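Heads up, the thing below is written out as structure tokens.
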Amino acid sequence: MLDAEGTSMLAEVDREVRPSRPGTGVQDLSGARVPSETEASARRRGGRARRGGNEPEVRKVWINPDEDHARENRRFPTNYISTTKYSPWNLLPKFLFEQFTLFSNAYFLAVGCLYAVDKITPVFTGGRYSTLWTLTVVIVVAFVKDVWEDLNRLRSDRAVNRHATRRLAQDGDEHVQDTTWARVHVGDILRIEKDEAVPADMVILACSSDDGVAYIETKQLDGESNLKVKVSIPDVSDHFDNIQGALETRGYIDCEAPNELMYRFNGSITILQGEEEVVLPLSYENFLLRGCTLRNTEYVLGVVVNTGRETKLMMNIKPAPRKRSTVEKKTSYYYFVPFTMQIVFCSILAVLSRSECRRLPIRDAWYFAQPDENCAFLPSFLRFFTYFLTFSSMIPIALNIFIEIARVFHTIQVSSDGDMIDESTGTKSEARTSNLTTELGQVSYVFSDKTGTLTANRMVFKKCSVGGVVYGWDLDDAATSSKVLPVEKLSSKLHDQNRSGNLEDVIGEEFFKVLSICHAVVPEPGPDGQSVIYQSSSPDEVALATFAKAQGFEFASRSNKEIFVQRDGHEEAYEILGVIDFDSTRKRMSVIVRGPDAKVKVYTKGADSVILSRLAPGQSLNKAKDDIGAFAVEGLRTLALAYRQVDDAWFDQWSKRYAEARGSLTDREREVEVVADEIERALTFVGVTAIEDKLQDGVPDTLRSLRQAGIAIWILTGDKQETAINIGLSSGTFDEDMDIVIINEHDVPGTSAQIDRALGRWTALAVETEGLKKYGLVIDGATLHFALAPELETKFINLTRMAKSVVGCRLSPKQKSEIVDCVRRHEKGKITLGIGDGANDVGMIRAAHIGVGIVGLEGQEARLASDFSIGQFRFLKKLLLVHGRWFYKRITKMALFTIYKNIMLALNDLYWAPFNLFSGQPLLDPWMSGMYNIFFTALSPIALGAFDQELVKDYALTFPEVYRKGPKNTAYNLSKFIAWILTAWWHSALTFFIAFFARADGPRANGQPVGMWPFGVIVYLNVLFTVLFYLWLFQNSWTWLTFTAWILSIIAVFLFLGLFCLFSLSTNTSPPMNLVVQVLWGQPKTWLIILLVVLIACLPRLTLRTYRRSYRPNLKVLVQELQRKRLKREDLEGKDPDKDALHQRRPSVSITRGEESMVFSGFNFEPYVPSKSGTFYVEKGSGERPLLFPRTGSDTKVTVDVDHSSTSFGKHRRAKSDGRVLLP
């Protein structure tokens, strides 16, 4: 219903990070999400929404205004929207401007115009306009395509603008009037019914529920199906709870001016009561976005504050930057070669034309009316342009069309691939742009998010630490031990009526209260109508609430004022006194409630580093920190939980300050943050939760194959370092025998020193050790900030070049995109790919050459911002190694072959020039030149570009190494381009001179001379059949489509040439061509010449290919042989290419700092010398406590983990180490 503003319109939305609750910055409570740059900049501006010009920063909207104030409301735009690209008055000029800014179109327009100049054109028949006709076809096709797409947008716009809604009005008998979306104005009070969409940005005045809570769905905006909570302010809804009251209440809203920040709204509403004014703050909780849908609520009354193009949705609709493929850009660049050849030929032939005219007696021939003028400078100068037209076909007009047609087939092949359908959701892969299909075959870097991309984003509660004891939930027998107790031992005590009430019980009870109260979960009725399903934009919150429910602390429902928890068969009501939402700067969320015992408590959860720093002094945290580290090593996502009890008097004072801060229109975020910080101090620690986010199926195999393909893998995540490393190991990003360099510093000098140390170490090893295997690199967000400083950026990139895989942890969305931008700046010509599933990945996806979005549980932002979308990460393997390689090889072959066939035809006029005394007379009729590209040599190259397969999918997946040539551009580079031009040159010489020396222009059987035109036709036939048969040598796979295309090309030669040379047709188009083809086809000499030319042209290439395949096969040839013989990889003789580069030394052991923060930093590769400081370790596999050795300088004490635990980081790092030495 909302297609124009919804999913289709948001394909190009530049989106910021979505909050878990209205008004927040993010949705992940583990610290893995941070606010968007636009949101952060808004905070720095003090929350102001500047729009430039003279637009005020605050908009005033009158409610039920008088006549003067109504005029103020009417000065804002209407709600009519238009998303069309063109309008009736700019359609033609805008379209033509866009088309003729393209080099190829402008070039052929100039060529077509020159053909119309009598003193320049070499053709005086109707064929002189063939170039213009061909160009017209190209332009008309593009015009029809653009207009058709724009008409579809117009129809969608009209459908949306004509949607019905209801408006409250004082005039007439009906106080609730039907109207359309387009007629909605700022200040209108609308009544939105259940399951209706919101037509404009609105502030809720009242709703049908007694508690003032309304539920909305934003699926049309961001793809999320979970419901969000919106509330009306009680003191406002009291005035608007009925139609009459809503029409009589007067007031106004002061709010921020329209801006693109989708998930933020600040303002205040003033109710006029006689001389008295009641001012109340407004926030995002009271705000409805255009395009959202009302659910589970009978109706909502709201006042419109933004309309039409000024709604937040429409302001976010921005065209995505046009990405051009490398092949497309190179082709435009390589055109300078044939263009330069054209200019050189034209210049030489123009000079020879004048010198020949002066030298030969023909200048005095009787048929020259003014012989002296023919040898003057001006005619010779114009001869340059005559030859320019003759050689204009060297630049193929049809290549862009061929590429676009082939790309259409590429997108269809991706979308229809049955192997790339997510069976669990039915999600198909989608090529959202056709421009970048060839880029998929050239990827050098893959930048991947972790949560929801590598992992399934289906959170499962696994463990918790409460009171220094670790409890597990739903663990298998192997995971349970004396150190991990079943969580039921904790929860069962809390339900015992005779419990002692000791500190342990109190802490346990508060632990479960945090889980059941401090969240933004929305309960919904299940399919059976009895059960309850939890929904939230954060899967972590759903997992925690589900766990609490299973332990007897069930979150039952919420209202605007209360949260209800089912416990021991009865319902407990907690009055909501305040909610301090989560954002990525705070990394915590707090809910302030008054419980059944009338005590005011603050329940807080968030990132462990933040919560632990806010605890009251005197609490023992050593065990908790150990547990947090252990959970992180297992790859679990951790959250710390705490609470605080405050007295009523202090809370009343704090609440007043908090209300004042929330009512501020300027600097609101900063003031709220300062006041909120006061109540989130002196907390009591209650425990830590550990949630498992399992890897998706096929992730390790996919990453391993991508690495074998020569692609560098970067995992960029907001998780803790230990968690990120563990995921790197379990996913196969890091090998068990791979050394890991960890850079974690706190300033520029320290970061520089660590980079220099690692560079020196690995540069020396690369020189000294043959076949050195690359290492893995780990860096955190704080250190990355220093590493990307201008003075360190180049060194950092050099370090990453030597790494086989890179993991970045604790990164913000901005840093993800900065990394991609940095790599693109320093790695010119290397193709990058960004893949993610959430709003925080949009910047990275847009920054990369290719953006891939995974359709997951975090909404549709990643998909809408991407160039390709897939359902699971494992599908990336086939997308790159199969489809990507196919697309790249196909398009490059097609482009080179198209250049080859055009130059081959054009060069025949170069050889013909001396025989016509450099007069500029073309060898071929222009109509034949036009048919050459449109009918005779079009289908086969297109089929080659759309369907050819060097390797079938199974062998392309089994041998990912064959992909490595794609990123090296071996299939399409300047030398390859010139080689094809040289091939075209000597093939054209064959087609012309064999025909010439075979006396193809000799007399016919009846003694009459053949003449110029029949000779040209024989040369033309030589070119045609040479091109079509030469194509056979580059066609790797023949399907019924490619074979049909080739057969149709042959048929077209006979059909169209036969019809063109019929007397009835040629008389009106080209009289010299009457029956020429029919006569030539009847002569055996014609076919002998064609056969000889084709054999001589193809035989060298066939011989060379046979020699290479037999005596100098490359990997691709070997795989093709295995494919032909249906053998497997292990049957290939020789060593696995990926195994040849293994270390000849033992990897360094894991080095971790002994500090409580559990951070890592670099290596010190000096051997142990008692007299000097260094990095030392002891084994702790024997169960003894590890010793800590002090260090001097900037280094800290360290310990080496050689633990034999099956899940420890140490095991992976120690795979081939004896645990005794740092150096081999």
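Note that Cβ sites are derived from N, Cα and C of the backbone, with glycine treated the same way.
Bear in mind that TrEMBL entries carry predicted annotations, made automatically and left uncurated.
ASP449 (active site, 4-aspartylphosphate intermediate): 30 other CB atoms within 10 A of its CB, across all protein chains. Annotation source TrEMBL lists active site, 4-aspartylphosphate intermediate at ASP449.
DSSP assignment over the domain 'P-type ATPase N-terminal' (63-123) gives 31 helix, 1 strand, 29 coil. If you look up TrEMBL, you'll see 63-123 marked as domain 'P-type ATPase N-terminal'.
As annotated by TrEMBL, domain 'P-type ATPase A' applies to 172-268. Residue counts for the domain 'P-type ATPase A' (172-268) by DSSP state, with H, G and I taken as helix and E and B as strand, are 17 helix, 37 strand, 43 coil.
Feature annotation from TrEMBL assigns transmembrane segment to 95-117 (among others). Listed by sequence, the residues of this chain that lie at least six past the ends of the transmembrane segment (95-117) yet keep a Cβ under 8 A from its Cβ atoms are 86, 123, 128-129, 131-132, 134-135, 138-139, 142-143, 146, 332, 335, 385, 388-389, 392, 395, 397, 399-400.
Annotated transmembrane segment per TrEMBL: 332-352 (among others), in sequence order.
Annotation source TrEMBL lists transmembrane segment at 384-403 (among others).
Positions annotated as transmembrane segment by TrEMBL: 894-915 (among others).
Sequence-distant neighbours of the transmembrane segment (927-947) (same chain, 6+ residues past either end, Cβ-Cβ under 8 Å): 126-127, 130-131, 133-134, 393, 396-398, 402-403, 405-406, 409-410, 890-891, 893-895, 897-898, 901-902, 905, 1017, 1020, 1023-1024, 1027-1028, 1031, 1034-1035, 1037, 1039, 1041-1042, 1045-1046, 1048-1049, 1052-1053, 1056-1057, 1060, 1069-1070, 1073. Annotation comment: TrEMBL describes 927-947 (among others) as transmembrane segment.
Residues or ranges marked as transmembrane segment by TrEMBL: 977-998 (among others).
Taken from TrEMBL, the feature transmembrane segment covers 1010-1033 (among others). Within the chain, the transmembrane segment (1010-1033) has long-range Cβ neighbours (under 8 A, six or more residues past its boundaries) at 897, 900-901, 904-905, 908, 912, 916, 921, 923-925, 928, 932, 936-937, 940-941, 944, 987-988, 990-992, 994-996, 1000-1004, 1046, 1049-1050, 1053, 1057, 1072-1073, 1076-1077, 1079-1080, 1086, 1089-1090, 1093-1094, 1097-1098, 1101-1102, 1105.
What TrEMBL lists as transmembrane segment is 1045-1066 (among others).
Taken from TrEMBL, the feature transmembrane segment covers 1086-1104 (among others). Using a Cβ-Cβ cut-off under 8 Å and counting only residues 6 or more beyond its ends in the same chain, the transmembrane segment (1086-1104) has close neighbours at 987, 990-991, 994-995, 998, 1000, 1018, 1021-1022, 1025-1026, 1029-1030, 1032-1033, 1080.
Fewer than three CB pairs closer than 8 A are found between the transmembrane segment (894-915) and the transmembrane segment (1045-1066), and contact between the two stretches is not assigned (pairs 6 or more residues apart).
Beyond the ends of the transmembrane segment (1045-1066), by six or more residues, the same chain brings 927-928, 931, 935-940, 942-943, 1017, 1021, 1024-1025, 1028, 1031, 1073-1078 to within a C-beta distance below 8 angstroms of the stretch. Using the rule of three or more Cβ pairs under 8 Å, pairs at least 6 apart in sequence, the transmembrane segment (384-403) is in contact with the transmembrane segment (332-352). Tertiary neighbourhood of the transmembrane segment (332-352): same-chain residues 103, 380-381, 383-385, 387-388, 391-392, 394-395, 899, 903, 910, 913, 918, 920, 974, 977-978, 981, selected by CB-CB distance under 8 Å and a gap of 6+ residues from either end.
Here the transmembrane segment (977-998) has long-range neighbours at 334, 337-338, 341, 896-897, 899-901, 903-908, 911-912, 1015, 1018-1019, 1022-1023, 1026, 1030, 1085, 1088-1089, 1092-1093, 1096-1097, meaning same-chain residues at least 6 beyond its ends whose C-beta is under 8 angstroms from one of its own. Averaged across the domain 'P-type ATPase A' (172-268), the predicted model reaches a pLDDT of 85.
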